[in-house]
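Presented below is the structure to which this report refers.
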């Protein structure tokens, strides 16, 4: 029973009722947000026939999410985390109701969509940081890798299902149905979350919120270990922005519309396989080195992706990137939670998640700029190999992360 399997162990859902409640709430929430993610751009495009207006809504929501992550990190370290989670979810649901009512109007308001996008982006991310900060208390730090892998699998599964449901709803009932069901799903998530135990933050001195946030920044910059993890996370997210080149590369490979879907599915599929085969990751004696090497491997996969002579080989490279990035992300998540003091968990999780959001935006902008000067193939390769060079430099510079050793957690009978 003590022999560890490569496959993900789902026993945490059975042994930890609080984590099971979070699992259910997260899955329903991801599906709800997926319905929203399909409806908003479609509605704006139908109203304005402007891709710029669609892009503006995404940018505004992303900006609100960034602010929400910063504020949420401070709140999660100051107030009872269960209350922050419930407040954020409930308030987010009110915004979805607003979008539904607006969609039912004879002439929906574009301004209302933008404002409610700001509202929902802010409050959705507010709850994310509180939930991340509370996870070690819910499952125990020794189970964080397992919890992270289960969460990743949930996110990937929900991200595949929700756009399909959203598309069917748009085809049959219109955007109001998407918004209405997103609101209903969000309020349903409150039911399992109400069963969570009290999650008080650790005692700490009262200080101005900005000063508290700056303390989080200082900790991140002063810690070679935690700061290095956050930096790798940002670079990895930048690499995933290669999806903006898919349409152009599809033309280069002369792919059909049906085949293009394989490009978009490859990274989530690889990541799901990475999560499913993460059973032994928690028992790695040198997680920092493994994180660095898996990140380098993922950059190499992106560099090779655009050079492939056939699209099917490109899909294999993307799936490999998904798998390696999943390994790196799980190690990042676990080390961040275990190496950050309890009193800082909210702020550091907020900053880590925020740099993932900004990393994706920066990566997309850089690839867009490269695409204006180079061919799609050259752009994809330049981004991958450029990040690979930066990664090799970080492998040499981040000595503390590279040499970090941990005592593998003890395997209990329930784990096997």
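Just so you know, glycine gets a Cβ as well, placed from its N, Cα and C.
Topology check against Swiss-Prot: residue 44 and residue 282 fall in different compartments relative to the membrane. In Swiss-Prot, the annotation transmembrane segment applies to 257-277, one of the ranges 131-151, 257-277. For the transmembrane segment (179-199), the neighbouring stretch richest in Cβ pairs under 8 Å, chosen from 22-42, 56-76, 288-307, 314-336, is 22-42. Break the topological domain 'Periplasmic' (240-256) down by DSSP state and the numbers are 13 helix, 0 strand, 4 coil. Note on the topological domain 'Periplasmic' (308-313): DSSP counts are 3 helix, 0 strand, 3 coil. Counting same-chain residues at least six beyond the ends of the topological domain 'Cytoplasmic' (200-218), those with a Cβ under 8 angstroms from any Cβ of the stretch are 70-71, 73-74, 76-81, 133, 342-344, 346-348, 350-351. Cβ atoms under 8 Å from those of the transmembrane segment (379-399) belong to residues 224, 228, 231-232, 235, 238-239, 242, 245, 249, 288, 292-293, 295-296, 299-307, 363, 366-367, 370-371 of the same chain, restricted to positions at least 6 beyond its ends.
The transmembrane segment (314-336) and the transmembrane segment (219-239) are in contact, since at least 3 Cβ pairs between them lie under 8 Å (pairs 6 or more apart in sequence).
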